[in-house]
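Lifted from Swiss-Prot, the feature list:
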- 911-921: compositional bias 'Polar residues' (COMPBIAS)
- 1018-1033: compositional bias 'Polar residues' (COMPBIAS)
- 1129-1141: compositional bias 'Polar residues' (COMPBIAS)
- 1199-1214: compositional bias 'Polar residues' (COMPBIAS)
- 1283-1292: compositional bias 'Pro residues' (COMPBIAS)
- 45-113: disulfide bond (DISULFID)
- 161-208: disulfide bond (DISULFID)
- 250-303: disulfide bond (DISULFID)
- 346-397: disulfide bond (DISULFID)
- 442-488: disulfide bond (DISULFID)
- 512-604: domain 'Fibronectin type-III 1' (DOMAIN)
- 241: N-linked glycosylation site (CARBOHYD)
- 258: N-linked glycosylation site (CARBOHYD)
- 624: N-linked glycosylation site (CARBOHYD)
- 1136: omega-N-methylarginine (MOD_RES)
- 758-817: region 'Disordered' (REGION)
- 911-1081: region 'Disordered' (REGION)
- 1099-1349: region 'Disordered' (REGION)
- 744-1349: topological domain 'Cytoplasmic' (TOPO_DOM)
- 723-743: transmembrane segment (TRANSMEM)
């Protein structure tokens, strides 16, 4: 326990002792603090208080070493005491530390901190702590020279620059940016610069630079040197033209700068020249201006600046005044010597010099070259070898230079004079001792008397000599200088003559050598010379030499051995300047020294190390495998001292490099390696050779020789042969294509021309006449074309193969034929589009000739119909064109078949009249509607129902107009009915379908229908005979089945014809009565008392049965067709071309209606209200027209579905669906189920022909239609082409080869060959069967039908 108490007491005592020592502030180790100028720093000082008790009060004092009083005192809460140097920058930090802000370089030093405890005693020595503060600062100058300092020229100047910084900076001097070091001119020591022997070159800016790691400081001082002026910009030579102002500049600098400038002309002040002082001015900057210069102002001008210090400098320049050439002081008389050469001079003054001098003699230009012995000199003078009297005259000269001329000279008269001559000549040589007297004679005479003068050749003599009045030269005492060549000159106005002599002075020292030459090397010099006159005694030579930089007393004499005139001097220093001279001597003395020659010996060749030649290896070696080898390419070395001489190419396959080529030119950058082994890996590298050095190898490029094939041959221009062959082949193909196209075009044109020659049918068209009060028929005028209609068909010369009797064509027909040719050629060349063809057809191509009556309605006059029944066909429409809608027309035309014309159609040929020039054409044919749907055969009831469903059937009630909605023959209007308006054809687009109106068929036709009453010369019934029927069927796909009616699917009437029975047996009960058409009630045969002039063309008659939409019509029994022989098949509704070019529609004959099927007169029944005329002689058309005045013109009224007034089928409501039919194949003939019939057009309509009217028989051929009129065909609604006849044997009998018209099908013609049928056409009885072997009955078919009924 006691031990623990003692230990506690000891620890307390120890603690108190430590506290006492801390309070007393025992000294600690000094602290070092570093700061940068401008920063803040804390000088640390700690205070230790007792462990127990309250801290006693204390005072903090900070001292700086070297400052006697504290710089900072702090006690308690009282404000501190701060030294003024630290005011605002010193403060107490923590308890006793000192904080200094913005420290400066002056703050650097030792600082002491003292803490005084007020309640304790302390030891002064042991109390306090020391801190050393180091301030790092950039250099700053404490002493610098002034910005400008002056120094006199020739004196010296010292400039001192002192800098302070931490660390201590280094001070250097620079002049104009160049560092100055210790030299003879400048001395640099501890920041001071001393310049000795100050000159003008020492002036300028001097810079003092003090720098350390903390930064640098720079001070600049300008040294001004006092002295005379220095010309900075001297004047320069100038050239001005006359009357311009001259400007000479002169700028000088000096310190002080009180400069004055003085100008001199030819060493005389410009202000002292009378003519110049009024035209000059000196500016303050020293510039001299001379106004309106004259030629006399040319010369040297000198500028002298001055500032009253020292000697003034000067600078000179020359002024050149340019002016046109002029003549000065032309003498009025020019003397030319006689017998010797003379000159005619022109005193020219020009700047620049004269280039041309032109002479005039006696007012005329002088041709100098034309005078023998005359020469024009370069200065413009004329040299005359020997003057004669021809040279006499008055001369003027006109000089020219680049500026022109001032005019010609004053006139000068040429006078011939004798030249002066010597009366006494001096001797060749005179020898006399020096000091003696000598007289050399010389005398001359002439007119005028010459003046004699003497002169020494070369250097003038300064000895005492004179020329006597007699002309002699007198030497009173000869001297050494008199030695030499002398000349005696006699001169007058004519010319000057000379005489020479040589004077030798004996007894003198040698003359000086001449022509000294020195050839030097590095240590030797070879001196040579030409000796002078020896003075009459033997002379010797010596060579004198010295270094050029030595003084005049350092000459060294080298004796020359007697004889030679050269000396080799050796032991010379290389690259040193030496001076040489030669001295001659004899016994009387020495000569003068020759001229001094200064030369420099050559320097020893400095042995320099061989220059380092840097050759880098070639770059970017690339190996490209080609079909023939390997193409190696590279770039030249990046660095090379000299051009590359060549390249070396190496390769390796294994480990060893082998040489491939070592002679590749240095300008190349590619190499082609050939003849390589197959399937081998190659590595290549390239080296550059420059002089004798070889560079390092380039990078290694590897490539395999696999798949290397021979490269295709290249042409000289670099193209591969396949490419060239392709180009040539393409060119040849194009050339061949062009050639074949040209040949094809020529062939087509030739064929077209042959076809045009073969086809002579004119364009047949349906036109309407322009408004006219009378037609050609009504007016009684018969054109030449109308004669054709009166001829019989058998009279045609074309069809008979005989030469055609060409007749004179009317202008109208010629115009139509030209239009026909142009349109045909355009369409046949396939250049017409459909729209273009339609437009052209509308403008130029008529469809059918129709005469317009006085009331504006279209008229077909039956009065002109010829009653011939031999041929019953309508001439073909040659303008029918096969299009996408109607291909059968072109095919039918191309078939070139010429079937025989039925007798019912042949009667219409003679009633056609030619076109009139006042007629216009209808629109082109309608577009084909793809909505056409072939339908099955229906009965009359079905057709009637369909027409009623589509709105085409007329009600039984009477209508205001008999024409209804279709074309038809109208009966005479009853008194109570309103006259229908005339029909005018509007100009519309392409119609939908074509409608062809037909008159009643003749009674003697083969189909059992009555003929037109006018042809038999009998009156007609007043009843209406409907002649139109719209069947409902289409083409049957079976060749031997019952054909469908293609006309049944149209909502337009299309082709309106009477029905036709198929060629099969009909039950007796179903056959019509005699005299009545089949399928019609007997009430339809009411014959009127008189035949009407206008007949109504009724709507088509339908079958009595279901409508098309209610069910198909059953096909006829096949047994009815089995007993018929194989005949060409023609589908119903087809338009077949005949030999006349007309499309013949194939119409079905309806099944016979049962009795009572129609309860009365039906509008849709076939109305046969024709009276049966009695056989009687047929009058001619004109006789019939005169015999029956009640016959009127047949007028066509517009139908509701007229192709010229209606819209397309697709836009009509209630239209049956139409479907596109398949394109028929030309040449295939099907067995006809029913006979065909052609309708006879009105008499007012004519079909023109290209040649004379055709009068051939029905069996004869005619040309097919013109292709140019095919697009305008109006009957292409439902027409189809003919199929080709099936293969089989030729017909054996007359009836085997007959078609349904009783005609023999004509094969295709070749050239102009026309085939004729062997047998006449058969007739078709009322039963519908062909009678081939039996003769034709005497009675007409209508009579047989009526008798049977």
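Every residue gets a Cβ built from N, Cα and C, even glycine.
Across the domain 'Fibronectin type-III 1' (512-604), DSSP classifies residues as 0 helix, 45 strand, 48 coil. Nothing from the recorded positions 241, 250, 346, 397, 624 places its Cα within 10 Å of the Cα belonging to residue 488 (disulfide bond).
Annotation note: residue 442 (disulfide bond) sits in a coil segment as assigned by DSSP. Residues belonging to the topological domain 'Cytoplasmic' (744-1349) score a mean pLDDT of 43 in the model. In the three-state DSSP assignment, the secondary structure recorded for residue 303 (disulfide bond) is strand. Neighbour list (residue 241 (N-linked glycosylation site), Cβ cut-off 8 Å, at least 6 residues apart, same chain): 321, 322, 323, 403. DSSP assigns residue 346 (disulfide bond) to coil, not to a helix or a strand. Between the alpha carbons (Cα) of residue 258 (N-linked glycosylation site) and residue 303 (disulfide bond) lies a span of roughly 16 Å.
Shown in sequence order, 231, 233, 234, 235, 261, 263, 286, 287, 288, 303, 305, 315 are the residues of the chain, 6+ apart in sequence, with a C-beta less than 8 angstroms from the C-beta of residue 250 (disulfide bond). Taking the Cβ of residue 624 (N-linked glycosylation site) as reference, residues of its chain lying under 8 Å away and at least six apart in sequence are, in sequence order, 630, 631, 632, 633, 703.
All protein chains shown were included, and the count of other CB atoms within 10 Å of the CB of residue 346 (disulfide bond) stands at 27. Considering only the disulfide-bonded residues 45, 113, 161, 208, 442, residue 346 (disulfide bond) has 442 as its nearest partner by CA-CA distance. For the pair residue 113 (disulfide bond) and residue 397 (disulfide bond), the C-alpha distance works out to 116 angstrom. Put simply, of the disulfide-bonded residues 45, 397, 442, the one whose Cα is nearest the Cα of residue 161 (disulfide bond) is 45. Taking the disulfide-bonded residues 45, 161 in turn, the residue surrounded by the fewest other Cβ atoms inside 10 Å of its Cβ turns out to be 161. If you measure from the Cα atom of residue 208 (disulfide bond) to that of residue 45 (disulfide bond), you get 43 Å. Taking a C-beta cut-off of under 8 angstroms and a sequence separation of 6 or more, residue 397 (disulfide bond) has the following same-chain neighbours: 327, 330, 346, 348, 357, 358, 359, 360, 380, 408, 409.
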